[in-house]
Amino acid sequence: MLITFLIMLNTFAANCRRNRNHAATCKLGSCELVGGIEVCTECKAGGVPIDGFCRPVGSPRVITAGCIGPEDATLDKAATTCGRCNGADHFLFMGGCYEQKMGIGGIICTATSSGECVTCATTTWLFENPSGTPAPGTKCILCSDVNGDGKAKGVADCATCQAPDSSPGVATCDICRAGYANDGDTCVQCGDGCSACLADTPTQCTACFYGKYLKADKCVDASGCSDGNYADPKTNKCTECGIDGCATCEYNATIGKPQCKTCNPSTKMVKTAADGVTTCVDESGCTSGNTHFVTDSGSKACVPCSDIKSGGVAGCSTCTAKGQCSTCLSGYFGSSSCEECGANCATCTQAGDTNCQTCKPGYFFKSGSGPGQCFPCDSKADKGIEGCSQCSNGPTPTCTKCKPNYYKQMGNTVTCKKFCEDSTACGGTAGTCGAIVIQNTGDFLRYCSLCGDPNTFPIDGICVKEKSGNTCENGVCTQCAAGYFLYMGGCYSAASAPGNLMCKTAEGGKCTAPNENNKYFLVPGAASNQQSVMACENPLGTAVGEKAYVGVEGCDTCTAPAPLTEAGMRPARCTACNLGSGKPNLAGSGCFKCNIPTCSHCGANGVCEACTSEEQRPNTDGTKCISCNIDGCTRCSAENKCDQCGDGYRLEGEACVQIQPNPCKTENCQECTNKGTANEVCTECISTHYLTPTSKCVLDCTAISGYYGDANKKCKRCHDACAECVGAASNQCSACPAGRMLQYTNTNTPAYGGTCVDQCSVSTTTEGCAECGAKIGGTDYCSQCSVDNQAPLNGNCAVNTRAAFCATITGGACTKCNEGYFLKDGGCYQTDRQPGKQVCSSAQGGACNQCANGLQAQGGACGACHSTCATCSAAGAADKCKTCATGYYKTSDNEGSCRKCSEGLVGCRQCTASATAFVCLEMSDNTSGNVNKSGLSTGAIAGITAVAVIVVGGLVSFLCWWFIYRGKART
């Protein structure tokens, strides 16, 4: 029953924060805040949560944690959570394994035993289960976990709480999370944009989230603050300008206060002092103090004496009238005319770099005082300190302040260490210097991923105002122009540094060839609005729709992962590890600590898997490489004594004998009758393949619609209730016949299948579905719910809970979906499960952007291919099929028309073909009913390897299709 508890825990997790650590790899709606730190509780298929992060199955951290799947299942390409943690000092918590002595594990648990926490940390955001025998992984329960272990529970959306006195029992919530108000036993959701509100009036805001501003009791955008007010980012409120006579103003980050833009009455002018402070003045007020004058052309304005565009004098501080200077600004000397001092001088009495009386901030006198020359505080050649912005005078100055993109290091002397290549540190605390670029040496350079000033953008990693033709807004780029590619929030040119450190060539807004240093790989299938290149050692990865591609932690060089054919995550293949990170395993899935001389690959920490010399092999326990030059041998018990052979060889005594070629002609067949003849019949496939009803061998039985692969490596028909399935039982359906819809056994694990139930019907009560207006694959789904605050989710009415799927609900229907869903006929659908996956393969911004049938979505809507096509290039056209629907085939890889399988071979129901071969996968006597699906997907067809039957002209051949990646084999 462990899997049930894990799924219950995940049900109320929230969506991951966009562009953060888990955005690419965590399953939709599976992020949770643990002590203010965001963790993932369920990963995309092929990854499991370790210390809150998704790690690929087979990676060192997963192995160290001892993660075992729910109900002791072996981790494979479908794995998404852990059910047990066998690693030392690790414990199970919310579907993941955590190490108690490091990182986040220590703030959850203080003592472990046998893979379970035995003593929870004393904190306000979780409580220790009062049950004497809690279910596995439920000793510590988050305040927000409404399920707990089924008896002891938290409160939905609760941030801090007190434990229940006994089990069963519910925690007492003290404080609700931001955006909710405490209403006794529950947390009530506040209005749109509210970070705080009162429980009895939740739509009336008392505070707003960042980027929204409180205006009366509503949270509005900056533009929503009315005249006479400005959007104050320090308080997130619409605040009065506070400047006498000011009509409009806006906040200035440099001076930390508002500046007036227009005055009321309009006859008054804005006067801006040297420190940036503004006032509204008339003409006499403008000239008061002799620092400004009134322009005499066009509309009058109050400008500084130094405004040369309006007739002022450069460098002038005070004047009696326009062009009549009386004193000069610092850095200038003279009176009626102002001459600039030497470079770096704050004050001087004559021109020249060596005649400074005082220095500008950031410069110093070597002699200790002036007059003399001023040198930059950060000039190492002049005994300055790198990265220093202010320092003392003297031959060896002392740094007192570092530049914005450096941080201060204290010691015997103050030094500054660079942390960002942008001189403003991407706009200070509001910006993010999170784009890491790896040099050929392996050293990191950090560039901007977000600019603090929303009117500047990360171009080549530096915040600038010019977009260079790229699509950018609010301090970040979302799509790149020709010659540029998108990388961690910015657009980079492949022709210059730092972009050329990552990418050799870029076309159409994406990288088309990585740098030849092999420290980066191309992301399969990425578009110009997606990250197309990724560092080999970036374990956080990037997403292309529902497919996540990640680097390998500690990896130096790698090759790109094979494209995923369905939702999941997949790592690059590491070919070499960073210095100190160990050595890669042969599968390339991880770097293992392995200080063994002449060892090239390690399968675990301290265990050698292969040696650098062709004349050596690892010994039996993998602790060293020994002389053992035996063909086909992968491991030796002693010198020239083999005890393990590689593929294609078998062990005979202490030597490896090459296995003779299989006499069976059927591709990937291990055993057959009538070997090598026209009447050959395959009876057993090789270990990686399954035997079809027509005695062919395929990599995956789901390539044949209505079949699954059993434990005996044979393709068996699904239960009669299913159209497609993952197993033999009626509750293991993955698609249903027309008129029936799939109800998953657990919505968090769609890979395990579910049961086919009746299609939508209008409810006769006040709850349920009011209108069944959505039709997908011949089945009716709900398009409007009877309850106004509900909306259809994947075709069924659902409450818009914490992991909100709908952004706007109107009268029981959704009009706008949240990120990770797409809108169709009044409901929100997901692309990784039925029925949404039949319609859309990738969603963005709450709408479909790539249709499952290969067509590009138009305004979020998908056109329909001709009935004979599975995927196509033009809607409704019979001659524009890219791949064929179930029961049809075409003989060319180019788009064209599809013909019935029965035309290729009488009685054939499912088939595939090429220009020279026709392959029947199922005969009509194995018919299993109508299918509620358009047909074989491209990914399903991929991987089919079958011997051809006789075609026109008497040719006998076979068709070999590319292999579907199998996670278990790779790892």
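Positions of Cβ are set from backbone N, Cα and C atoms, glycine also.
Unlike curated entries, TrEMBL annotations are predicted automatically.
As the structure is a computational prediction, the values presented were derived from the model and not from experiment.
Here's what TrEMBL has on this protein:
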SIGNAL    1-16  signal peptide
DOMAIN    142-188  domain 'EGF-like'
DOMAIN    240-281  domain 'EGF-like'
DOMAIN    304-339  domain 'EGF-like'
DOMAIN    340-375  domain 'EGF-like'
DOMAIN    376-417  domain 'EGF-like'
DOMAIN    627-657  domain 'EGF-like'
DOMAIN    671-716  domain 'EGF-like'
DOMAIN    717-757  domain 'EGF-like'
DOMAIN    864-899  domain 'EGF-like'
TRANSMEM  940-965  transmembrane segment
Per-region confidence, the domain 'EGF-like' (717-757) (mean pLDDT, whole number): 91
For the domain 'EGF-like' (627-657), sequence-distant contacts whose Cβ falls under 8 Å of one of its Cβ atoms, 6 or more beyond its ends: 610, 614-620
Intrachain neighbours beyond the domain 'EGF-like' (340-375), with Cβ under 8 angstroms and 6 or more residues off its ends: 315, 330-333, 382-384, 388-395, 397
Counts of helix, strand and coil residues, the domain 'EGF-like' (340-375), according to DSSP: 0 helix, 15 strand, 21 coil
Tally of DSSP helical, extended and coil residues in the domain 'EGF-like' (717-757): 3 helix, 15 strand, 23 coil
Chain residues in Cβ proximity to the domain 'EGF-like' (304-339) (below 8 Å; excluding those fewer than six residues from its ends, i.e. six or more beyond): 272, 274, 289-293, 295-296, 345-351, 360
Residues of the parent chain within Cβ reach of the domain 'EGF-like' (240-281), under 8 Å, 6 or more residues beyond its termini: 227-234, 288, 291-292, 294, 300-302, 304, 430, 452-453
